[in-house]
Protein chains: 2
Amino acid sequence: MVLPPDATLADVGEFGLIAALVEQFGTDDQVLVGPGDDAAVLRIRHGHVVVSTDLMVEGRHFRRDWASAEDVGHRAAAQNLSDINAMGGRGTHLTIGLAAPADLPAAWALDFARGFSQECAEVGATVVGGDLTRADQVVISVTVLGRCTQAPVLRSGAQPGDVLALAGRQGWAAGGLAVLGRGFRSPRVLVEAYRRPRPPYAQGQAAAEAGATALIDVSDGLLAEAGHVAVASGVAIDVRRDAFEVPEPLHAVGAALGADPMEFILAGGDDHALLATFPGTGSVPEGWQVIGAVAEGEGVTVDGASYDGSTGWTHF
Amino acid sequence: MVLPPDATLADVGEFGLIAALVEQFGTDDQVLVGPGDDAAVLRIRHGHVVVSTDLMVEGRHFRRDWASAEDVGHRAAAQNLSDINAMGGRGTHLTIGLAAPADLPAAWALDFARGFSQECAEVGATVVGGDLTRADQVVISVTVLGRCTQAPVLRSGAQPGDVLALAGRQGWAAGGLAVLGRGFRSPRVLVEAYRRPRPPYAQGQAAAEAGATALIDVSDGLLAEAGHVAVASGVAIDVRRDAFEVPEPLHAVGAALGADPMEFILAGGDDHALLATFPGTGSVPEGWQVIGAVAEGEGVTVDGASYDGSTGWTHF
């Protein structure tokens, strides 16, 4: 379907846009009924199905002037696929709810869907349904189904004596967001890290197979997520600053904005890195970096002391 | 958890509210991991999993002054469970995304969750996860998973010679919405039908078992849904006015508002009635009413002629 370049959602109409969107999405042999009926129908092998839902709100989780529609599509898919990664599984099927003003360019919705679909292709996942309606601001709701080939790894299994480890880039997206917030567009590598996160999709299952005792993805900030693990597991977690080599672009941003670059690493989300605990350094698989330790007690410390900077994102 | 009666979402905070919400939801023996981790984990028996997503936007799909939070919860759940009903299945597990202004009373969210949970109990379904974030207006996104015990019934199977049949109340909710729109609160029975629809949850599976060739739920309006079946199946559908006995309260509303009460029946959604086609009157199960016929051709007619009233809801 070819849309006029300046067509809005109101011009194209619900069913016209849905038809154009569905063309963006592929299918797979588990999808018996895809988009277009009252519900999608999936053929599921006996086993564990993992389910997660996330919302993204314009002006809060993304800005249309800070990221292209395709970027927002990549981010929306990545954020959800990452939740399945954080259980030690892999996303398989997704639904998208899109609420948007009537004057939203239809091309924005199509570009969003293309980016979303491209990100899903990274793990072989398929969009199987959705809903489209009108609202004052763009709200994107995604639900992802996934599979674990072994027992899912929860937040609650960390044990005193475990080591804390990280997979994936951390702090890059927060650095990118900070420069965008000041009206800059560089360092380009950080802005791109914010616009198109690269979650370590292979590392969730790798951690599970290596015997990770707890696993979570970093979306609210590294220390905040360590805090979730500490509370759920009933343990204390200490993060070591010297475990991180601050990448050059974060040094540059810190200097330009008068900020401590370590803040981006300790409080940043949006990279969708994975944080895990393992029974000992010997069990930490390749691609993971030991950044701290688990002990008896409660709370999160940095280098053994309480941390007084921001620990991450607050929703209300 | 007891919240101060005037607490807002901002007062209670994301994690406080989530804890209070989760208390509203039960669990079942298929739920291995419920709300609180990166994703929920379900034990699925080998077979077909049916998935659907719907959005509800404040000011468009509901008004807080026209329905209580508990009512909105009932409606949000009913609308989604009905999509599974319309495949011939039964909803089993749901996720809820709630985007809301920071000044939303926390009690509204809790009452919403209670109504949602009560409606889910009608079919034995369980809430297993969700997301909560801030937005300018309330946007509710629900994803439902369900099961079919036989092959799902699609929109596309209607055949010339089939009869068209309806299960459940039709037009009542539209009548209720019309009086609310004029600032009235009666007839009470219609307003209640709008606030708490009673979808015929047992009739989806009954239709499938009786050999229904097509099945859809009436959410966009009776003629609009008949149109979806006609297009998907490549057939013509005729609806007969004399198949309907207009209930007394709809006559009263029609007289009061100067409207043809048949409009509420032909164009109304929101009751979540089921519309199906069957191979002949002999195969129509109890609880269904024959309201028309399927023929070769295309399009939807009323008493053999084109219909010039509204056929239902337009999203953009």
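Sequential numbering from 1, following the chain as shown.
Cβ coordinates are placed from backbone N, Cα and C, and glycine is handled just like the others.
Quick look at what TrEMBL annotates:
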| type | residues | note |
| --- | --- | --- |
| DOMAIN | A:36-147 | domain 'PurM-like N-terminal' |
| BINDING | A:ASP38, A:SER52, A:ASP83 | Mg(2+) 4 binding site |
| BINDING | A:ASP38, A:ASP83, A:ASP217 | Mg(2+) 3 binding site |
| BINDING | A:THR53, A:ASP54, A:ASP131 | Mg(2+) 1 binding site |
| BINDING | A:ASP54, A:ASP83 | Mg(2+) 2 binding site |
| BINDING | A:HIS61, A:ASP270, A:TRP313 | substrate binding site |
| BINDING | A:GLY130, A:ASP131, A:ARG155, A:SER219 | ATP binding site |
| DOMAIN | A:159-302 | domain 'PurM-like C-terminal' |
| BINDING | A:ASP220 | Mg(2+) 5 binding site |
Open item on the list: Here's one to test understanding: among the binding-site residues A:ASP38, A:ASP54, A:HIS61, A:ASP83, A:ASP131, whose C-alpha is closest in space to the C-alpha of A:SER219 (ATP binding site)?
Closed with: A:ASP83
- [ ] Tell me the residue counts in helix, strand and coil for the domain 'PurM-like N-terminal' (A:36-147), as DSSP assigns them.
- [x] 33 helix, 49 strand, 30 coil
- [ ] Can you check which residues sit near A:HIS61 (substrate binding site), meaning Cβ under 8 Å from its Cβ, same chain, 6 or more apart in sequence, and list them in order?
- [x] A:LEU55
Task: Interface-proximal binding-site residues, chain B, C-beta separation under 8 A, candidates A:ASP38, A:SER219, A:ASP220, A:ASP270 - done: A:ASP38
TODO: Would you mind listing, in sequence order, the residues at least six apart from A:ASP217 (Mg(2+) 3 binding site) in the same chain with a Cβ closer than 8 Å to its Cβ?
DONE: A:SER82, A:ASP83, A:ASN85, A:ALA86, A:PRO199, A:GLU225, A:HIS272, A:ALA273, A:LEU274, A:LEU275
Task: From binding-site residues A:ASP54, A:GLY130, A:ARG155, the one whose Cα lies nearest A:ASP38 (Mg(2+) 4 binding site) - done: A:GLY130
- [ ] Take the domain 'PurM-like N-terminal' (A:36-147) and average the pLDDT across it for me.
- [x] 92
- [ ] List only the single closest residue to A:GLY130 (ATP binding site), chosen from the binding-site residues A:THR53, A:ASP220, A:ASP270 by CA-CA distance.
- [x] A:THR53
Open item on the list: I need the CA-to-CA distance for A:SER52 (Mg(2+) 4 binding site) versus A:ASP131 (Mg(2+) 1 binding site), whole Å please.
Closed with: 17
TODO: Please tell me which one of the binding-site residues listed here (A:THR53, A:ASP131, A:ASP220, A:ASP270) sits closest to A:ARG155 (ATP binding site), measuring Cα to Cα?
DONE: A:ASP220
TODO: Just name the winner among A:ASP38, A:ASP54, A:ASP131, A:ASP220 (the binding-site residues) by count of other CB atoms within 10 A of its CB.
DONE: A:ASP38
Open item on the list: Going by Cα-Cα distance, which of the binding-site residues (A:THR53, A:ASP54, A:ASP131, A:ASP270) sits nearest to A:ASP220 (Mg(2+) 5 binding site)?
Closed with: A:ASP270
Open item on the list: If you count other C-beta atoms within 10 angstroms, which of the binding-site residues A:SER52, A:THR53, A:SER219 is the most crowded?
Closed with: A:SER52
Task: Minimum Cα separation from A:ASP270 (substrate binding site), reported as the residue among binding-site residues A:THR53, A:ASP54, A:ASP131 that achieves it - done: A:ASP54
TODO: Using all protein chains in view, find how many other C-beta atoms are within 10 Å of the C-beta of A:GLY130 (ATP binding site).
DONE: 25
TODO: Using DSSP with the three-state reduction, classify A:ASP217 (Mg(2+) 3 binding site) as helix, strand or coil.
DONE: strand
